[in-house]
Amino acid sequence: MSHSKLAGYDFYRSLNSPRYCMAPMVEQSELAFRLLCKNYNTQLTYTPMIFSHTFLEDKEHRVRHWQTTSDDYPLLVQFCGNDPLTLLEAGKLCLQMPNAQHSVVGMDLNLGCPQKFAQQHRFGAFLMEEQRLVREIVSILHRELPVPVTCKIRIFKDIQQTISYAEMIRDAGCQMLAVHGRTREQRGSIQGLADWDAIKLVRERIKDIPVLANGNIRTLEDAERCIDYTKCDGVLSACGLLESPAMFSGSDGQESKVILAKEYLKLCAEHPPPEYSFMTGHVFKMLKALLSDHEDLKMRLGTAKTREVMFDVVLELERRVENKM
Ligand SMILES: Cc1cc2nc3c(=O)[nH]c(=O)nc-3n(C[C@H](O)[C@H](O)[C@H](O)COP(=O)(O)O)c2cc1C
């Protein structure tokens, strides 16, 4: 799929105006899971965050983690880092990776990671104090990359700061902005609720490029409520999709979870995730509620060493659920 470099809403419309999107997730938004969700009305996905420096320097890591197919369209490749030229080179290189031309529609810059290592290595949400640098990164990517650059940010406590940050990023050349309505401090056990009011106010000021809202989207109804309230073009969901990969098709009943877990494991046979642990993580999250009544199966899943054994455990769970055991 060749994409001339489109801007803002022309870019968005060229992707069929996605409303329901999967947020980037380290170790969890890998190809097999993206394809699963895309089978159930997820209309745009992101790769997990990729360290731009590692991507450039470590060929083995790059090859191992790079996964995409034409069914994976449309895909945003998310990078993190703080060096404009390293990010640019990483962005250019990813476009030459296998199948990139069939699926990759743009490069996303991670400006939201709140973790300690992001602080140590000065990237993600720790660039919120280095706005001159952020401007430089976004401008270079906008100017030099053959695909549009998009950004994912967190909010400041102060709404005016959030708005001027978003405007600066837009002015530097960002073509689509995802706003996670939590501050950098809202993470881990003190995550709390996302602030849709802040997202709404950013949207009111940023009208000329698409804005996606992120935070607290657990069901299709949440997605619709959020779009209705914030007037954003679409939403990103992370935790909601991990538990209910079919959530954007309106189906999040427990019965369908076993079917989804089986479908996911079949996709993994075709596209093995870079690490085995990604698979375990997904199956546990999808089947969380059902497994709570079957401690023995939980144990067997936790100790399963192959995809086939995991599949057998899921089949056994299916049998028990059908027989209401
Ligand atoms: C397992 C996991 C991994 C994540 N990895 C990333 C990442 O690589 N890049 C990023 O920008 N955000 C990452 N996030 C944050 C999500 O993209 C999203 O902003 C956040 O979870 C809020 O959305 P939610 O309320 O729907 O979960 C991650 C979140 C989770 C749960």
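We number each residue from 1, going along the chain as drawn.
Placement of Cβ uses the backbone N, Cα and C atoms for every residue, glycine included.
Heads up, TrEMBL stuff is auto-annotated, nobody curated it.
Positions annotated as domain 'DUS-like FMN-binding' by TrEMBL: 22-273. What TrEMBL records for Pro24, Met25, Val26, Gln78, Lys152, His180 is FMN binding site. Taken from TrEMBL, the feature active site, proton donor applies to Cys113.
According to its DSSP assignment, Met25 (FMN binding site) is coil. Cα of His180 (FMN binding site) to Cα of the residue listed as 'active site, proton donor': a distance of 10 Å. Listed binding-site residues: Met25, Val26. The one with the lowest count of other Cβ atoms within 10 Å of its Cβ is Val26.
Counting in whole angstrom, Pro24 (FMN binding site) lies 11 from Cys113 (active site, proton donor) by their C-alpha atoms. Cβ proximity to the FMN site centre (mean Cβ of Pro24, Met25, Val26, Gln78, Lys152, His180, cutoff 8 Å) flags the following additional same-chain residues: Ala23, Ser29, Tyr46, Pro48, Met49, Asp108, Asn110, Gly112, Cys113, Ala238. It is 12 Å from the Cα atom of Gln78 (FMN binding site) to that of Cys113 (active site, proton donor). Averaged across the domain 'DUS-like FMN-binding' (22-273), the predicted model reaches a pLDDT of 96.
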